[in-house]
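Asks: Can you keep this structure in mind? I'll have questions shortly.
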Amino acid sequence: MKKIGVLTSGGDAPGMNAAIRAVVRSAIYHGLEVVGIRRGYSGLIQGDIMPMELGSVADIIHRGGTMLFTARSEEFRTPAGQDRALEVIQEHGIDGIVVIGGDGSFRGAKVLCDRGINAIGIPGTIDNDIACTDYTIGFDTAVNTVIEAIDKIRDTATSHERTYVVEVMGRDAGDIALWAGVAGGAESVLIPECKYDIKEIVEKLERGANRGKKHSIILVAEGAGKAFAISEVIRELTGKETRVTVLGHIQRGGSPTAFDRTLASRMGSHAVELLIKGECAKMIGIQGNQIVATDITQALATPRKPDMSLYNLAGVLSI
Ligand code: ATP
C-alpha cells in the first residue's frame, strides 16, 4: 500500500471534513501518498483527482459539508462505469480507497473490493441509519441543530399557547426525531419504525391542556408521516389551530459538534490503519466507545433497529 484515495459520496454530513482530514494526515504520518477524489464515484469515473498534502486539509475540521464535494453517480452502478473507474484507479496508481458516505456508498465500495481494489467505508450520514455502529458521523450535529430549533419554536408555542408539529429528516430511521425528542422535551415523537395512534396523541394533548400546559411539540420523522397532514388531523380532532415547521436541509449543514469531529478523526485514522494491514470491504463503526470494523456485506445485511428504551423513555417523560 503506497498510495490511497479518499472520497465522499451520497448526502453530505457535518464531520465529513474532519474524516477527510484524519485520512489525509494519518496516511502521510504512515508514509503513504494520498489523493482526494472529488464528487464521489462520479469524480472517480471522470478522473477528478487531486494530490493531498498536510496543508490541503488545514482549516476544515470545523466546517460542515465536504471539501471534496459529493455526488450520486448512476454511471458507477453500471459495469461500463465501473470499468472506467478501475482504469482511472490504475492510471493514478491508487492502491486503496476510503469511502465516506451512507449505505449506497458502501455498496459502491464493495464493488471496488470485488474488482480487486481495497476499499474501506466510513459511515457519514446524519440519519444514523447504518447497522453495526452506534453512531454515524453527522448525526450528533443534526440532533443539536434540531434541538436548537425546537427551543426557539417552544418560545413561540408557549407565547401563543399552541401546538407545533415539527418535521425532521429520517425517511427510514427515526433516530434524529427520537434523540431530539428526548433532548428537546417533545410531547410526542413519531418515527417510521413504530406505529402510532393519532387519537392517543390528541388525548395526550388534551390531558396537557387540561392541566394548564401552555404548548406542545410533536416531533415527526419524515418517514412517519407528513407534518402538514398530521397537523390537519389534530386540528380536526381538537378544533384548535396547530402550526407546522419543516426543518429541511438546515439539518444537514453547520459546524460539526465536538463529538462528530472526534468520531470522524478516530474513524478516519482507523480506516488508514486497516488499509495498511491489507484489509478490504470493511466498514468502520463505533460500538460501546470502541472503534471497530465490520464486513460491509454484514453491515448492509443487518437490520437497523431504533433504541426502544429511548423510545419508551420519550413516552414516560412526556406523560
Ligand atoms: P445517503 O445515506 O446520504 O443517501 P448513500 O451513500 O446511501 O448516502 P446513495 O445515493 O444511495 O447514497 O449512494 C451513493 C452512490 O453510491 C450512488 O450514487 C452510486 O454511485 C453508488 N452506489 C450505490 N449503490 C450502488 C451499487 N449497488 N453498486 C454500485 N454503486 C452503488
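Using the three backbone atoms N, Cα and C, a Cβ is placed for every residue, glycine included.
Quick caveat, the model's predicted, so the values are computed rather than measured.
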Asks: TrEMBL has THR125, ILE126, ASP127, ARG162, MET169, GLY170, ARG171, ARG243, HIS249, ILE250, GLN251, ARG252 binding substrate. Which one of GLU187, GLU222, GLU273 is in the same site?
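Replies: That substrate site, as TrEMBL gives it, pairs THR125, ILE126, ASP127, ARG162, MET169, GLY170, ARG171, ARG243, HIS249, ILE250, GLN251, ARG252 with GLU222.
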Asks: If TrEMBL gives ARG72, SER73, GLY102, ASP103, GLY104, SER105 as binding ATP, which of GLY5, GLY11, GLY15, GLY174 does it give for that site as well?
Replies: GLY11
Asks: Based on TrEMBL, name the residue from ARG63, ARG77, ARG154 that is recorded for the same ADP site as ARG21, ALA22, VAL23, VAL24, ARG25, GLY185, ALA186, GLU187, ARG211, LYS213, LYS214, HIS215.
Replies: ARG154
Asks: Of the recorded positions ARG25, THR125, ASP127, which one has its Cα closest to the Cα of SER73 (ATP binding site)?
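Replies: Closest by Cα distance to SER73 (ATP binding site) among the recorded positions ARG25, THR125, ASP127: THR125.
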Asks: Tell me the coarse DSSP state (helix, strand, coil) of ARG243 (substrate binding site).
Replies: strand
Asks: Ligand 1 is in the model; which of the binding-site residues ARG25, GLY102, GLY104, ARG243 have a C-beta less than 6 angstroms from one of its atoms?
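Replies: GLY102, GLY104, in sequence order.
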Asks: What are the sequence-distant neighbours of ARG72 (ATP binding site), meaning same chain, six or more residues apart, C-beta distance under 8 angstroms?
Replies: SER9, GLY10, GLY40, SER42, GLY104
Asks: Measure the Cβ-based neighbour count of GLY102 (ATP binding site), defined as the other Cβ atoms within 10 Å of its Cβ.
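Replies: So the Cβ neighbour count for GLY102 (ATP binding site) comes to 22.
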Asks: Which whole-number value in Å describes the distance between the Cα atoms of ARG25 (ADP binding site) and THR125 (substrate binding site)?
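Replies: Cα to Cα, ARG25 (ADP binding site) and THR125 (substrate binding site) are separated by 22 Å.
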